[in-house]
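Engineer: After the structure tokens below, expect a handful of questions from me.
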Amino acid sequence: MEKKVALRLALVLMASYVAYATDPTQLQDFCVGINNPIDGVFVNGLFCKNPVQATPNDFLFKGLNIPGNTNNKLGSNVTLVSAANLPGLNTLGISLARIDYAPYGLIPPHTHPRGTEIFTVLEGTLYVGFVTSNLPNGKNQLFSVVLNPGDVFVFPQGLIHFQFNIGKTPAVAIASLSSQNPGVITIANAVFGSTPPISIDVLIKAFQVDKNVIQYLEAQFSSGNNY
């Protein structure tokens, strides 16, 4: 009997840990981020402005209606709204991004280590998908769909995902993330463009390709040549 009780308690504790393994719940009604810690209180996130000194502008961001510049190699642009430019978001555990795509523009495979992303298409037609971690059968499954305006898709936290504009016209989407600082790891940039670089012997062994292929890829993503 005691073993069963202990087992149940352990399961409850594990479930509680999983439930809170994300941004901590805010510690007060709001916590406006400030760069100067004088008269501030440090909590999760940034230093907090004295609530008495908060203003409506601390909770306001303007300009998300302005298209981002997609004149780059990938043909895409991300305009992020986070606690860095909307200080009233500090400790609230959310952020937002407008994503613009030129025709055939791409947001390449990447992950957000600290946030789930809910993705809404406003304009255009996008092919999107994510890849699972190792399944019981040892495989990594791709879940992919074609999205049109009004469609919503979820990219689970930490999983590799991508978006590709398959239309002949520009596309626009809004991404909402479950962290004020979800982070981003673009796979190719991280693997082939890290500082200092990963040992070429490691990459040759990992990708099972010739040294010249690795050197070519490193040249595409070396420091100063990243998207």
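Glycine residues also receive a Cβ, built from the backbone N, Cα and C atoms like all the rest.
Note: TrEMBL annotation is automatic and uncurated.
TrEMBL lists these features:
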BINDING   HIS110, HIS112, GLU117, HIS161  Mn(2+) binding site
BINDING   HIS112, GLU117  oxalate binding site
DISULFID  CYS31-CYS48  disulfide bond
DOMAIN    62-215  domain 'Cupin type-1'
SIGNAL    1-21  signal peptide
Engineer: At the Cα level, what's the spacing in Å between HIS112 (Mn(2+) binding site) and CYS31 (disulfide bond), rounded?
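Structural biologist: If we compare the Cα positions of HIS112 (Mn(2+) binding site) and CYS31 (disulfide bond), the gap is 24 Å.
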Engineer: Around the Cβ of CYS31 (disulfide bond), how many other Cβ atoms lie within 10 Å? Please give the count over every shown protein chain.
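Structural biologist: Step by step: centre on the Cβ of CYS31 (disulfide bond), count other Cβ atoms within 10 Å, giving 26.
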Engineer: Which one is closest to CYS48 (disulfide bond) in space, judged by CA to CA distance, out of the binding-site residues HIS110, GLU117, HIS161?
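Structural biologist: If we rank HIS110, GLU117, HIS161 by Cα distance to CYS48 (disulfide bond), first place goes to GLU117.
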Engineer: Other than HIS110, HIS112, GLU117, HIS161 themselves, what residues in this chain have Cβ atoms within 8 Å of the centroid of the Mn(2+) site's Cβ atoms?
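Structural biologist: So the extra residues in range turn out to be THR111, GLY115, PHE130, PHE155, LEU159, ILE160, PRO182, VAL184.
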Engineer: Restricting attention to the domain 'Cupin type-1' (62-215), give the mean pLDDT.
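Structural biologist: When the pLDDT values over the domain 'Cupin type-1' (62-215) are averaged, the result is 96.
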Engineer: Are there any residues at least 6 positions away along the chain from HIS161 (Mn(2+) binding site) with a Cβ closer than 8 Å to its Cβ? List them or say none.
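Structural biologist: Looking at Cβ-Cβ distances below 8 Å from HIS161 (Mn(2+) binding site), excluding near sequence neighbours, one finds PRO109, HIS110, THR111, GLU117, VAL128, GLY129, PHE130, VAL131, PHE155.
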